[in-house]
Structure formats: structure tokens, C-alpha cells
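Summarising the annotation, Swiss-Prot assigns domain 'N-acetyltransferase 1' to 8-162 and lists sequence analysis as the type of evidence. The feature acetyl-CoA 1 binding site is assigned by Swiss-Prot to LEU87, VAL88, VAL89, ARG95, GLN96, GLY97, THR98, GLY99, THR100. The domain 'N-acetyltransferase 2' feature in Swiss-Prot is assigned to 159-304; the stated evidence is sequence analysis. The acetyl-CoA 2 binding site annotation in Swiss-Prot covers VAL238, GLY239, VAL240, GLN245, GLY246, THR247, GLY248, LEU249, GLY250, LYS251.
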Amino acid sequence: MTLEAVPSPLPPATAVAVTELARLAAQSDGVNPLSEQTLLHVDSEHHGDLHVLAYDGEPGTLDVSGLQTAENLIGYAALGPDGSAELVVTPAARRQGTGTALLRMLLDHGKDRLRLWAHGRLPGADELAAHFDLTVARELYFLRRPSAPLPEPGWPEGIDVRAFVPGQDDDAWLEVNARAFATHPEQGAWTTEDLGDRLHQPWFDPEGFFLAVDSKTGALAGFHWTKVEGDEGEVYVVGVDPSYQGTGLGKALTLHGLHHLQEVRGLPAVTLYVDGTNTAARALYEKLGFTTAALDVQYAPATV
């Protein structure tokens, strides 16, 4: 086995190989091993990202353009500038030390700041984390709700709802998103580039990106961004500006988006992710019929 640590961007052929590796692992495990953010960064240049590639033997051969084909790629790990990390090993190469080697290299590059995500919390993830004395530092719940009757949203007085307009609402949305998620290490740090990445994805639909606007001031008060891929919809992100929190706007926005996914898009189920510390949001979602389908955990060194 050969390990190779490279900064962004990955060669296109290698990025394709990483995406295919993640697909094979997801097919085997029933859960995606890499987050949307990581997969978006695989084939784009984000300064500070480190990619660790594990090959069966030497790195892949070169194609006609001089880029590695990565045909023998058996493992991959990503380390972001904030210390957030993920790794995946192809199913056929597990229990052979590949995951251990990948994690050891991640620790060599950022032990003091490492935060390793394990999606679905599979048994192998707990074993690997324990081997390096990593403990659970954070939990992220994956919830699902089958199609069922919903209450109507009760809007606070003076709130209008409209669709997001790309190129017009970008800056205002980024500002409110940052304020709404000031204590959230990933969502609150979104940049113009992060937003642009999503706006150019095949799944993006502005008609499913709802903005709540103050009818008197025109200020953006909150939003509900929905996402549809396949036959499931997702409460992608709901945010409320702190000055409008406590008014019931968050619940109204949530219901508005759920009605859209269920009745306008006709989807049989809706999913969402919620941080384990956000007990208020979890309680709201449970009252609306969501139940836990999976659990993601983040491991960190015990001293962090």
C-alpha cells in the first residue's frame, strides 16, 4: 500500500476515482461515507484542504493527458482547514490496515485540531477511533418523516414569503445565515464560493428556496432551503435571523417547506440533519413526525 498526501485541487481523474470509491462504499454500507461538502471539494480548489490517497501498490498509471487514473485507489481521507475530516476505504480492502494508515496520516497533519466524522456510526468507525484514543465530541441526527397530514404554518405578522433569486439575494442570505448559525462550525462559515457551489448543482431549484421577508423593512428575516434528489426531499437548511427568533418564524418556515416537498413535489418522504445539541429543533421535528433514521458522530482527541 502507498499513501500520498496532496493539496487541492485533485487531478480530474483522481477526483472521479474518489467519487466512485465513495459510491461503492455507500452501496455496501447503506450510508454515504463522505459529506456533500467533501464531495464538492474533491473536484474544486479550496485552499487549505488536504487529500490523502491510499493505493494498492504504487499510485495509478497516467492517462494520455499525464494525469493519474487512480485505478488502484483503495482509500481516501480529507482534512479541511478547520480540522474537519472524513475517510473511506473500499469494501474489498477493509480490515487490512488501510483505515488505520489514513487516520494516522491525518493525525500527523493536524492532531490538535482533528475532528473526524463517521457517517452512520458503523462498528468499524468506533473501533478505529478507539485505536487512536479518539472520543465522541459531537452527534448529528439524520431524521426521516413519511408523507402524512401537516398543520398549516402560522406566520408572524408582517412577514412575506418569496423564492430566492440567484444573483440578487446571495449577499443578504449569507449575512443572515452567518448570524443564524454563529455557533455552528460548518453552516455559519459559508462563503460566497460555498453558496455558488450549491447554486450550480443539478438539484438546485430556486422555487424550493424560500425567503421570509419583513414587509415593513424589506429585511431578510429567515429562510428554508429545500433539496430534492431522487424520491426523497430534504430540509436542507432552515435559519432565522436572531432578531426574529422567538416569533414562531422557524416553525412556520419549516412547515412551509414541508408542504412544498410533500404536496407540490409529491415526495413520499422528507429527511433532515440536526445537531445533537439543538434540542429545541429536535423536539419540533419529532412533534412534526420525524424519527431518527441514522446517527453521525464526530470523533476528536480526548484533550481537544
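Every residue gets a Cβ built from N, Cα and C, even glycine.
Features recorded in Swiss-Prot, as mapped to the structure shown.
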residue: LEU87; record: acetyl-CoA 1 binding site; CB count, 10 Å: 26
residue: VAL89; record: acetyl-CoA 1 binding site; CB count, 10 Å: 25
residue: GLN96; record: acetyl-CoA 1 binding site; CB count, 10 Å: 14
residue: THR98; record: acetyl-CoA 1 binding site; CB count, 10 Å: 23
residue: THR100; record: acetyl-CoA 1 binding site; CB count, 10 Å: 14
residue: VAL238; record: acetyl-CoA 2 binding site; CB count, 10 Å: 23
residue: VAL240; record: acetyl-CoA 2 binding site; CB count, 10 Å: 23
residue: GLY246; record: acetyl-CoA 2 binding site; CB count, 10 Å: 10
residue: GLY248; record: acetyl-CoA 2 binding site; CB count, 10 Å: 15
residue: GLY250; record: acetyl-CoA 2 binding site; CB count, 10 Å: 21
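Put simply, of the binding-site residues LEU87, GLN96, THR98, THR100, the one whose Cα is nearest the Cα of VAL238 (acetyl-CoA 2 binding site) is LEU87.
According to its DSSP assignment, GLY246 (acetyl-CoA 2 binding site) is coil. If you take the Cα of VAL240 (acetyl-CoA 2 binding site) and the Cα of LEU87 (acetyl-CoA 1 binding site), they are about 33 angstrom apart, rounded to a whole number. For the pair formed by GLY250 (acetyl-CoA 2 binding site) and LEU87 (acetyl-CoA 1 binding site), distance between Cα atoms is given as 34 Å, rounded to the nearest Å. Excluding LEU87, VAL88, VAL89, ARG95, GLN96, GLY97, THR98, GLY99, THR100, which define the acetyl-CoA 1 site, the same chain contributes ALA54, GLY75, ALA93, ARG94, ALA101, LEU102, LEU128 within 8 Å (Cβ to the Cβ centroid), listed in sequence order. Between the CA atoms of THR98 (acetyl-CoA 1 binding site) and GLY246 (acetyl-CoA 2 binding site) there is a gap of 48 Å. Note: the domain 'N-acetyltransferase 2' (159-304) comprises 53 helix, 48 strand, 45 coil (DSSP; helix = H, G, I, strand = E, B). Across the residues annotated as binding acetyl-CoA 1 (LEU87, VAL88, VAL89, ARG95, GLN96, GLY97, THR98, GLY99, THR100), the widest Cα-Cα separation comes to 15 Å. A gap of 52 Å separates the Cα atoms of GLN96 (acetyl-CoA 1 binding site) and GLY246 (acetyl-CoA 2 binding site).
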